[in-house]
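Asker: One structure follows; several queries about it will come next.
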Amino acid sequence: MTDSSSHAATYGPKEWLYILLGPGLLLMALAAPFFGPFNARFGFGILLWMVWWWISAVVDIKLTCLVPIFVACVYQYMPLEKVLSAYVHKEAALIFGATALTAAWVRWGFARRLALNFLMRFSNNVRAQTAGWFVLCGVTSFVVGNTTVAAMFAPVAVASLMYAGFTSNEERWNSKAASNILIAVAWGASVGGMATPLGGGQSVVTYGLLNKYLGHDIFFLDWTLRMLPLSLCVIAGVAVLMYFMKTDMQHFSGSREFYQKELEKLGPMTFEEKIALAGFVLAIGLALLQPLYAPYTKGPAWTWLRPTQMFCIIPLLLFFWPSRAVKGENILSADTLRKYFPVTILFMWPASVALSRIISQTGAGKVFGQWISPFLGVSDTLSIAAWSVFGNMLSQVTSDTAAAGVMVPLAIESMRNWHGLEFGAVPWVWVSGAAISWSYAVASATGAQGIVAGYGANLRTMFVWGLVAAVVSVAITILYFWLTVVVFGMGFYTLPPV
């Protein structure tokens with residue numbers, strides 16, 4: 001990601017061209033009847049502007065997140081107060097709370113311990129470690145957002161690469177083996193995002209939109225039972241691909257010895273690590289067990305047991321839970337959040353939600369629906385392919401969260417009467433929500449790619465192999481839903497969770 005603090009001294013003609021191309025794309029969209037009514041053109045223009053700045057990384061990603069506000073100040077395509085309110089979503093507390101808990105993991109060393117214990121199971125074989133990092137981060141991303149997973153594990157991966165002789169970003173960029181390790185961290189952080197509603201911004205957006213469509217909150221367990229099998233299939237498929245990615249060496253020197261040495265330095269699990277882990281496990285456990293206790297905990301007196309509330313309450317308690325190791329510090333603190341909380345998520349997630357609402361409210365979503373509608377009425381098989389391919393393409397060039405905000409509402413609107421069902425859009429929410437989660441190719445697709453890019457991951461390798469990985473993931477998605485929805489007609493996927 002671009003560091004905004006350096007821009008004043010580094011802007012040259014090329015950078016200014018890239019910067020001005022952003023608003024230029026908005027003006028081009030406004031002049032193009034192809035994009036529909038005038039207000040819809042604002043939706044597309046803002047989308048193109050933000051996508052360009054995200055892809056080019058010419059300005060700080062956080063500044064890009066404010067583009068809808070800038071435009072509304074110049075021309076009110078929507079009332080400014082509506083644009084500002086578009087950034088607010090009740091599920092924000094869920095993702096922010098979960099990220100705060102994992103910041104405590106990093107502060108007290110549990111994230112490092114988790115990675116080292118996992119990697120001790122692998123040899124110093126480059127291919128095995130590449131697949132291993134991918135699987136570790138993929139499983140962790142079931143319950144932790146992609147940016148946070150990368151922030152947790154990328155420093156550990158870099159430390160191991162430095163021990164193997166790759167001490168600079170340039171050395172890691174120029175080494176296929178080293179770069180593949182960093183790419184594995186980013187892709188793993190991205191791939192598990194739909195397994196639970198906690199997997200990242202895109203799953204939280206999809207979860208909130210599905211709940212709104214159904215008129216009630218579905219249980220975390222119902223979500224996980226539907227999305228986990230597909231997530232495991234995709235992880236397996238991409239892990240095989242990563243094992244066979246081109247490499248320039250077969251073995252790292254002394255990697256296993258490094259992991260053992262670093263693990264010994266950590267010593268036994270500390271009190272602070274146990275409390276940080278217990279808080280996260282408690283919140284996850286209550287969320288997954290909600291179907292068991294929900295019938296007995298109805299009414300306003302029990303709302304604190306809902307997952308979103310629990311992920312606010314538990315971090316708050318840790319702010320007042322004293323550490324035994326460091327006098328005057330608590331398990332979670334403002335200093336911990338400043339150091340280990342990925343601040344980009346505070347901008348990226350609300351901005352993605354806002355972008356989705358702006359595209360919907362300006363009418364751009366309806367225009368996009370008209371473009372893909374020829375693919376939707378021919379057959380269910382072609383519809384599955386269309387939602388999967390178009391959704392994934394959008395997530396590659398925007399972000400998975402922004403793509404969720406665009407594609408899921410579109411799926412709900414376009415497919416709500418599918419086969420005459422009361423909630424006909426349900427299977428298409430699963431299809432489109434899953435497909436947008438396989439975002440690998442571009443550094444702006446998720447926060448994870450941006451993090452490893454800062455450690456020297458080769459972006460050309462990420463792009464080329466990311467497209468291959470996306471093809472594999474989308475193919476698995478299409479096959480999975482073709483079998484479950486078309487061939488077997490499973491009500492488990494075609495009907496809303498009870």
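Each residue, glycine too, has its Cβ placed from N, Cα and C.
Just so you know, TrEMBL annotations never went through curation; they're auto-generated.
In case it's useful when we look at the structure, here is the feature table from TrEMBL:
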{"type": "DOMAIN", "residues": "53-432", "note": "domain 'Citrate transporter-like'"}
{"type": "TRANSMEM", "residues": "16-35", "note": "transmembrane segment"}
{"type": "TRANSMEM", "residues": "47-72", "note": "transmembrane segment"}
{"type": "TRANSMEM", "residues": "92-110", "note": "transmembrane segment"}
{"type": "TRANSMEM", "residues": "131-157", "note": "transmembrane segment"}
{"type": "TRANSMEM", "residues": "219-245", "note": "transmembrane segment"}
{"type": "TRANSMEM", "residues": "275-294", "note": "transmembrane segment"}
{"type": "TRANSMEM", "residues": "301-320", "note": "transmembrane segment"}
{"type": "TRANSMEM", "residues": "340-359", "note": "transmembrane segment"}
{"type": "TRANSMEM", "residues": "371-390", "note": "transmembrane segment"}
{"type": "TRANSMEM", "residues": "428-452", "note": "transmembrane segment"}
{"type": "TRANSMEM", "residues": "464-493", "note": "transmembrane segment"}
Asker: Verify whether three or more Cβ pairs under 8 angstroms connect the transmembrane segment (131-157) with the transmembrane segment (301-320), leaving out any pair fewer than 6 apart in sequence.
Answerer: no
Asker: Quick check for me: are there 3+ Cβ pairs below 8 Å between the transmembrane segment (275-294) and the transmembrane segment (464-493), leaving out pairs under 6 residues apart?
Answerer: no
Asker: Which sequence positions outside the transmembrane segment (464-493), separated from its termini by at least 6 residues, show Cβ-Cβ distances below 8 Å to it?
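Answerer: For the transmembrane segment (464-493), the sequence-distant neighbours (Cβ-Cβ under 8 Å, at least 6 residues beyond its ends) are 183, 187, 191, 225-226, 229-230, 233-234, 237-238, 241-242, 245, 380-381, 384-385, 388-389, 392, 396, 426-427, 430-431, 434-435, 438-442.
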Asker: Which stretch, 47-72, 92-110, 219-245, 371-390, 428-452, tops the Cβ pairs under 8 Å count with the transmembrane segment (340-359)?
Answerer: 47-72
Asker: Checking distant contacts: for the transmembrane segment (219-245), what same-chain residues at least six beyond its ends satisfy Cβ-Cβ under 8 A?
Answerer: 127-128, 130-131, 134-135, 138-139, 142, 176, 180, 183-184, 187, 191-192, 194-198, 207, 287-291, 294, 307, 430, 433-434, 438, 465, 468-469, 472-473, 476-477, 480, 492-493, 497-498
Asker: Would you mind listing the long-range same-chain contacts of the transmembrane segment (92-110), meaning Cβ under 8 Å and 6+ residues beyond its ends?
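Answerer: The answer is 143-145, 147-148, 151-152, 197-198, 200-201, 204, 266, 269-270, 272-273, 276-277, 279-280, 283, 307-312, 314-315, 318, 325, 331-332, 336-337, 339-342, 345-346, 349-350, 353.
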Asker: Could you give the residue numbers and ranges of same-chain residues that sit at least 6 residues beyond the transmembrane segment (371-390) on either side and whose C-beta is under 8 angstroms from one of its C-beta atoms?
Answerer: 407, 411, 414-415, 428, 431-432, 434-435, 474, 477-478, 481-482, 485-486
